[in-house]
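Trainee: If you scroll down you'll find the structure; I have some questions about it.
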Amino acid sequence: MSNNVKIACILLLFYLNFLSATPVISSGSNTQRRRTRTTVPWKQPEDNWNITDIPRSILPHLPSKSTIHTLPAPANIVYKTLDNDEKVLERLHEIKNNETARTLWSKAESDHHYSPFFDKALKLMNLKQVAFEIENSVMSKMSCTACKAGATLLQHYIKSGKSKEEIIKTIFQYCTNLQIQSSRVCEGVSSLFGNEVIYVLKRTNLGADEICSFIIGDACGDIYNPYHEWEIELPAITKPTPHELPIPKENAPSFKVLHLSDTHYDPYYAEGSNADCSEPLCCRITNGRPRHVNAAAGKWGDYRKCDMPKRTLDHMYKHIAEVHPDIDYILWTGDLPPHDIWNQTKEENLKVLKETVKQMAEVFPGIPIFPALGNHESAPVNSFPPPYVQQVDSSINWLYDALAEEWQKWLPPSVSYTIKRGAFYSVLVRPGFRIISINMNYCNNKNWWLLLNSTDPATQLQWIIYELQSAEFSNEKVHIIGHIPPGHPDCLKIWSRNYYKIIQRYESTVTAQFFGHTHFDEFEVFYDTEDISRPTNIAYIGPSVTPYYDLNPGYRIYYIDGDHDATTRLVVDHETWIMNLKEANLYDFPIYYKLYSARNAYNLKALRPTDWDEYTASLTDDQDKFDQYFKHYWKASPVRPSCDADCRKRILCDAKSGRSHDRKFFCAEVEAKLDSSNGSWRSWIYRGISFSFNALYSVTAKIPGYVMSFG
């Protein structure tokens, strides 16, 4: 999940400019600004990496299995089970029916006392709203304005000759003076991120408008940026004609797969510490004593901004090993360190990596694990320079070399080369079935290194094409795993657009995708851009292990069509399991239970892209269905917020948007239907726009050489 790590570089500088009235460079065209700005001469070194020279995984990694797992009951079977855990919970409810969990609280407003001037500035800019938007990756014009002000002022300081130390010191002073964060958070953020941001801005020719459009996306305008417009090359091989996917055979062999994501293990979590602090991460001794009993961190975790205690992680893994002893393999989609982003070091993050890998290997011995890299594994967070950055103090080799060493416990030796280059790899799991793990940090718009050159970093997308084309030749089906979903606002628009193009080309080869990052339980449907009514693929976004924040801890179980003559390698069904954190802290007894299974809860014939598309459409018409999905989306959290009409639009649009910053293309119909059902005066406008847009697209798409441009 995103965090407010760039406040020092964006918001603070807006106030610095507001307070000091420092003269900034004059406005004008982007071309004029580039001509007058002084930058450090920089040229990307040549990269002689040859995709075809690297070894490939061509021997099956898993032994032959013909296990027929017991799948969840399909939707046409009505059933109710009451296992031992539920019986225990019922008895506890009878005993303590009127008690309140220690970790439930009223969300009181902050009691900070600011100066009259700062209160005025806060009202003008609504800093809390901007911080919320940055933290949750839901950007608006307000975030855009703050970004442009900060970037402009930073570039002015660089041009005027201020040293790196002076700029970082200034950022720190205003961060503390304006009480945006505690002194230690201000110091950590300014020093950790200041070095990288200043280094990059010294070497880029982009203006503030271009930088903020790059970072924030469509909320900051679709500004043409020649430095970041590129397109991958697909091989000149005819795409196989797509055929309607069959429903997987019932009672056929299957793989049972565990999906863990966003564990965010916090080795310094302290029961009884302050869980209601003002910093990005709480529930540590350093957060001080709680002001009242409801502010104390619970024994098993907390719904507020707190990560996973070791005892809870140990308990969850033990539960999984006991309840699901028949797991065939595990998908582990990243984000291991906690959210103390101002306080992290390479050494500390490597320690968390090694501890969690050791724990997984001990709890799940002999079970293959396929990991993917999260955005929190680096220090500082989100910092993933491409391979051409080889300076000792900036190179990412320290992390990639460690990953190659730690992941070798589960992966074949042939993948070490690509892991050391870019933390991606490809493994043949079984004959005709392959898993490709990709590094989504090269689409991360908070990765400032990409401002220097975002063109297919580490040549990863071209490598994916090579792997998928080889798989197509070999008649293999492929699952893709990663961390940041390609349709999420944190994914760069141009990268996401190219990735979407790849998935569309190889829709007959890629049968499922698996991501994390959002901490929610959700999905993204992919569509044919030449016929948007035709769904082509599905990306599953697994729930987080950490409760950070307002969530119950959870994990996902998939049933994958296994080894048999008619296998589709589709996901046959999936189920989400959670621990009720409120009950765990109240009764000191963590209880895990299956929240739902997809086919049964959502009445799906199968889990094909067409089935998910039909289900998404039904959510626009049926409020009860949407309420059920919203409950699962939040993992049945007792502190989940309510969802108004705008919230419903956003969630349904997320489900239809596998391509980031392109909502007006994918969501016009959804918004029109929701506005119509709400009786809005806008409904007839939206219906007209939607009809006109789709009609125009259906005509222009058939004109040779004509390409519509989407933001």
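Think of each number as a place in line: the chain as shown, counted from 1.
From the backbone N, Cα and C atoms, a Cβ is placed for every residue, glycine too.
Keep in mind it's a predicted model, so treat the numbers as computed, not measured.
According to TrEMBL, the protein has these features:
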type: SIGNAL; residues: 1-21; note: signal peptide
type: DOMAIN; residues: 140-224; note: domain 'Saposin B-type'
type: DISULFID; residues: Cys144-Cys220; note: disulfide bond
type: DISULFID; residues: Cys147-Cys212; note: disulfide bond
type: DISULFID; residues: Cys175-Cys186; note: disulfide bond
type: BINDING; residues: Asp262, His264, Asp335, His519; note: Zn(2+) 1 binding site
type: DISULFID; residues: Cys277-Cys282; note: disulfide bond
type: DISULFID; residues: Cys283-Cys306; note: disulfide bond
type: BINDING; residues: Asp335, Asn375, His483, His517; note: Zn(2+) 2 binding site
type: DISULFID; residues: Cys443-Cys491; note: disulfide bond
type: DISULFID; residues: Cys643-Cys647; note: disulfide bond
type: DISULFID; residues: Cys653-Cys667; note: disulfide bond
Trainee: Just how many other Cβ atoms lie inside 10 Å of the Cβ on Cys667 (disulfide bond)?
Mentor: 20
Trainee: If you measure Cys647 (disulfide bond) to Asp262 (Zn(2+) 1 binding site) at Cα, how many Å is it?
Mentor: 24
Trainee: Give the mean pLDDT for the domain 'Saposin B-type' (140-224) on the 0 to 100 scale.
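Mentor: Computed over the domain 'Saposin B-type' (140-224), the mean pLDDT is 81 on the 0 to 100 scale.
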Trainee: Near the Cβ of His264 (Zn(2+) 1 binding site), how many other Cβ atoms are there if near means within 10 Å?
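Mentor: The answer is 25 other Cβ atoms.
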Trainee: Other than its own, how many Cβ atoms are within 10 Å of the Cβ belonging to Cys491 (disulfide bond)?
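Mentor: By my count, 28.
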Trainee: Taking only the Cα atoms, work out how far Cys147 (disulfide bond) lies from His483 (Zn(2+) 2 binding site), in Å, as a whole number.
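Mentor: Per the Cα atoms, Cys147 (disulfide bond) and His483 (Zn(2+) 2 binding site) stand 25 Å apart.
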Trainee: Are there any residues in the same chain, six or more apart in sequence, whose C-beta is under 8 angstroms from the C-beta of Cys212 (disulfide bond), and if so which?
Mentor: Cys144, Cys147, Lys148, Ala151, Cys220
Trainee: Sequence order is fine: just name those recorded positions in Cys175, Asp262, Cys282 with a Cα within 10 angstroms of Cys306 (disulfide bond).
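Mentor: Of everything listed, what lies within 10 Å of Cys306 (disulfide bond) (Cα to Cα) is Cys282.
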Trainee: Just going by other Cβ atoms within 10 Å, which of the disulfide-bonded residues Cys186, Cys643 has the emptiest spot?
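Mentor: Each of the disulfide-bonded residues Cys186, Cys643 was scored; lowest Cβ tally within 10 Å is Cys643.
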Trainee: Which ones, of the binding-site residues Asp335, Asn375, His517, His519, have a Cα no more than 10 Å from the Cα of Cys643 (disulfide bond)?
Mentor: none
